[in-house]
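Contents: one structure, followed by commentary.
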Amino acid sequence: MVVLAGPPAVDHIPLLRSPDPGDVFSGVPVVDLGSPGAARAVVDACERYGFFKVVNHGVATDTMDKAESEAVRFFSQTQPDKDRSGPAYPFGYGSKRIGFNGDMGWLEYLLLALDDASLADACTVPSCAVFRAALNEYISGVRKVAVRVMEAMSEGLGIAQADALSALVTAEGSDQVFRVNHYPPCRALQGLGCSVTGFGEHTDPQLVSVLRSNGTSGLQIALRDGQWVSVPSDRDSFFVNVGDSLQVLTNGRFKSVKHRVVANSLKSRVSFIYFGGPPLAQRIAPLPQLLGEGEQSLYKEFTWDEYKKAAYKSRLGDNRLAQFEKK
């Protein structure tokens, strides 16, 4: 989603009950990408939760640490200095306002366009060469993780073509986006039993998103029964979300996961998210290989461009797929 620059106060941002220690979800699926059973584990996690943690992913700790330290340095600048990297229409620096329809959250961010496995040349933010180099090294690594995960999905689903899914994000013109989010501590609510919304509940419209954060918790996912649970933070691992488009490609076998971020009252949270989307003209419909004999598609066919435009017109928490579901 797009976050637009603006300075609304805390009282304009929705409040949530502060996470309780009992809300921590110990059942997050963990996939070891180097294990022989990775493909089956990925499919099982996508079917049950639409969400999982990836370990043994091959991205060096130093690569992740450098990107994080440079992001912290950027967000530590004065507000006028940060504002020179915005406003985000859609790319660049933004703060607080989420989307075009009134959603707000307690965060500031950088939204960046990608060409292949690096920042787009036309994307001049960030201007700092050291920050750009650190991000490009990180993006190259996390994109490889996304490709490996999607190849594991294909294998686990029994699709003969290994890159049936991953080719959608490696194709020329694929719509890849990278986001750096900073959730400052919100001390105004400390001790009141409630927390400010960092980023409101939503699903991601793309195929997959791959997230990594610092050691500060805040990410929550909704289980199938509607219960919200907190995801234990792990700065050495990646977390993968199934997106709406992948839900359609699998005809609902994989479910896009609803998630949100609750701002911490004491510590900053910094997160990096790679969003893997297909080319704008790519048609999105259930893969024929995944439809059983006589099984009908649950969705009307659409292009990624059509779905992306529909997403930008919606509120953050809207069920964007509803208008494409066959009745």
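Don't overthink the numbers, they just go from 1 along the chain as shown.
Every residue gets a Cβ built from N, Cα and C, even glycine.
Sequence-distant neighbours of TYR183 (2-oxoglutarate binding site) (same chain, 6+ apart, CB under 8 A from its CB) are TRP106, LEU107, GLY198, PHE199, THR216, GLY218, VAL261, ALA263, ASN264, SER268, ARG269, VAL270, SER271. The 2-oxoglutarate binding site annotation in Swiss-Prot covers TYR183, ARG269, SER271.
Counting Cβ atoms from all protein chains shown, ASP204 (Fe cation binding site) has 25 others lying within 10 Å of its own Cβ. Taken from Swiss-Prot, the feature Fe cation binding site covers HIS202, ASP204, HIS259, and the record attributes it to sequence analysis.
Residues or ranges marked as domain 'Fe2OG dioxygenase' by Swiss-Prot on the basis of sequence analysis: 173-278.
For the domain 'Fe2OG dioxygenase' (173-278), the number of residues in each DSSP class (helix H, G, I; strand E, B; coil) is 9 helix, 51 strand, 46 coil.
Each of GLU201, THR203, SER209, ASN241, SER256, VAL257, LYS258, ARG260 belongs to the same chain as HIS202, ASP204, HIS259, is absent from that list, and has a C-beta within 8 angstroms of the C-beta centroid marking the Fe cation site. Neighbours of SER271 (2-oxoglutarate binding site), defined as other CB atoms within 10 A of its CB across all chains, total 25.
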